[in-house]
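Now, the feature entries from TrEMBL:
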| type | residues | note |
| --- | --- | --- |
| DOMAIN | 9-234 | domain 'Nucleoside phosphorylase' |
| ACT_SITE | 19 | active site, proton acceptor |
| BINDING | 85, 160, 181, 182 | substrate binding site |
| ACT_SITE | 205 | active site, proton donor |
């Protein structure tokens with residue numbers, strides 16, 4: 001049976017090197033560890049012991065590395081950081097989204113009575129830890145330079161870059177703010193292992209037909225804003 005003990009460690013998971021490089025540069029007493037193809041940087045960040053993880057892109061990578069880091073480091077909680085496509089009303093590049101809930105947008109078991117995005121025997125949405133959301137909101141008050149939103153983030157093994165797909169996601173996930181490729185998998189593993197979780201994402205594109213261009217152009221801005229929020233949060 002899995003038992004989670006308090007360790008004083010915070011796990012921070014990002015999919016891409018660009019999404020964790022600012023956090024890594026601010027760490028002290030860093031120890032680099034390799035587990036297969038996964039890399040974990042453990043050390044001090046803002047005075048807190050952190051296990052900073054480069055997961056790789058996509059839900060399978062994210063789930064695998066979350067289970068790994070929880071098993072190896074027994075973190076008190078998990079923060080997912082990085083970029084996202086902003087599909088909520090009024091979201092702009094650089095804006096930060098605190099995920100109060102996350103869901104899979106590419107799961108369909110509706111033939112058996114489940115709602116879109118719901119995996120059998122799992123909740124339709126994974127709720128972020130309420131205390132972490134509250135801490136993130138407080139951290140947002142100290143955040144200068146970008147608008148901060150909170151609400152639903154959805155995940156899938158797709159880079160969304162068309163208005164048609166955005167419309168589909170909006171129809172099926174009321175009030176959705178952002179779309180990305182890892183958070184729901186991380187949240188699902190944390191749900192299964194009873195580890196508190198929150199995701200903090202910054203908008204890199206609008207998930208439209210120009211998303212691939214704007215993503216490359218604005219990834220650095222999004223990564224910096226998301227990382228700054230994480231440092232305020234921990």
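Here, residue 1 is simply the first one shown, and the rest follow in order.
Each Cβ is built from the backbone N, Cα and C atoms, and glycine gets one as well.
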Integer average pLDDT (0 to 100) for the domain 'Nucleoside phosphorylase' (9-234): 91
Largest inter-residue Cα distance among 85, 160, 181, 182 [record-listed substrate binders, Å]: 13
Helix, strand or coil at residue 85 (substrate binding site) [DSSP, three-state]: strand
Residue 205 (active site, proton donor) versus recorded positions 19, 85, 160, 181, 182 - nearest by Cα: 85
Per-residue Cβ crowding (10 Å cut-off), top of recorded positions 19, 182, 205: 182
Integer Å distance between the CA atoms belonging to the residue listed as 'active site, proton acceptor' and residue 182 (substrate binding site): 13
Coarse DSSP state, helix versus strand versus coil, of residue 19 (active site, proton acceptor): helix
Alpha-carbon spacing, residue 85 (substrate binding site) to the residue listed as 'active site, proton acceptor', which is rounded to whole Å: 14
Spatial separation of residue 181 (substrate binding site) from the residue listed as 'active site, proton acceptor' - C-alpha basis, Å: 13
